[in-house]
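Q: Sending over a structure as structure tokens; questions will come in a sec.
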Amino acid sequence: MFDTTESVVTGTLLITDSSSHSNTLRFVRISLGIFSLLVNAFAFTSAIAQRSTKHKLIKILILNQNIADFTCAVGVLLSQLAGIIHDFHLDWNRDRLTIGVYGLIIVSFTVSLANALLIGFERFIATSQPSVYKKTCTKRRLVICAGSVWIITLAVVLSPLIAHFYGEDSNINGDRFYILQMQNNLPNMLAKLIPIVYTLLMLGNCVLYLKIFLCFKRSRNRVNVSAGEKSSRKMTVTVVTVMAATLICYTPTVVYFLAPPNRGNPHISLTFSNESSSTRKRNTVSVKLQVCFVF
């Protein structure tokens, strides 16, 4: 007769952010977040301080863009701060804060993409149909459009997030706070909706700004252009250049939501099986190791 004993040990192998690679990535995120905060704060205060009445309509949308980008940078910095705090206090439950920061980042990033589309529409009308610009783009309409973007985004994003916030399944996957875990920790409906919305907004922006570029090239051949149209052209060049750079910077985030990387905390599962008898002793160890690096 064999006397068999089995014991199963399951543990978690926690790879901390102490490696130089992870620390470098965290430093880059924090640096970019602070840089974005400073740039948008400077642009916002500069636009407010200017008392010139020129291009006052486009300034409404530019200010809205600054607010959205500033808020998104705040969310990124909060996520890094939560990660640092959790490094020193591993037992700290940050589930609710995680969901809140995710919501802040998603709302502000969505508003930023949608507002870029509004800026494109405004510049497209100013470039292709300058004669009807003043009738079409009024201050009231632009304010309503800018406010509607925030209201619609908050309604669509916050509803499932609040339900998830107070739900029983609000525990965040993994033991650490990482931006790259965002897509995996969102409610199912929101996780499926966001990639579609971001793709449509990104494609719409690309097509619209391409049309603005083509219309601008055609408008350069016009003669007897008024001083107002010349000023509008300069504004169009500046806005399109800045927004094109912004959309290029947004591309990695949109790609992430379309195809989130398989990231998670590393886990190690160990199973020990010991067999002994009067005539022989045999020890077998079965090890299952699964490592997923998180950046």
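Using the three backbone atoms N, Cα and C, a Cβ is placed for every residue, glycine included.
Any TrEMBL annotation is an automated prediction that lacks curation.
Quick paste from TrEMBL:
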TRANSMEM  27-49  transmembrane segment
DOMAIN    39-258  domain 'G-protein coupled receptors family 1 profile'
TRANSMEM  61-85  transmembrane segment
TRANSMEM  97-121  transmembrane segment
TRANSMEM  142-166  transmembrane segment
TRANSMEM  196-216  transmembrane segment
TRANSMEM  237-259  transmembrane segment
Q: Can you say which of 27-49, 61-85, 142-166, 196-216, 237-259 has the most Cβ pairs under 8 Å with the transmembrane segment (97-121)?
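A: It is 61-85, which has the most Cβ pairs under 8 Å.
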Q: What residues in the same chain, six or more past the boundaries of the transmembrane segment (27-49), come closer than 8 Å to it by Cβ-Cβ distance?
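A: For the transmembrane segment (27-49), the far contacts come to 59, 62-63, 66-67, 69-70, 72-74, 76-77, 80, 179.
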Q: Among the recorded stretches 61-85, 142-166, 196-216, which has the greatest number of Cβ pairs closer than 8 Å to the transmembrane segment (237-259)?
A: 196-216
Q: For the transmembrane segment (61-85), give me same-chain residues lying six or more residues beyond its boundaries with a C-beta closer than 8 angstroms to one of its C-beta atoms, as numbers and ranges.
A: 17, 26, 29-30, 32-34, 36-37, 40-41, 43-44, 47-48, 92, 94, 97-98, 101, 104-105, 107-109, 111-112, 115-116, 118-119, 122, 142, 146, 149, 176-179, 239
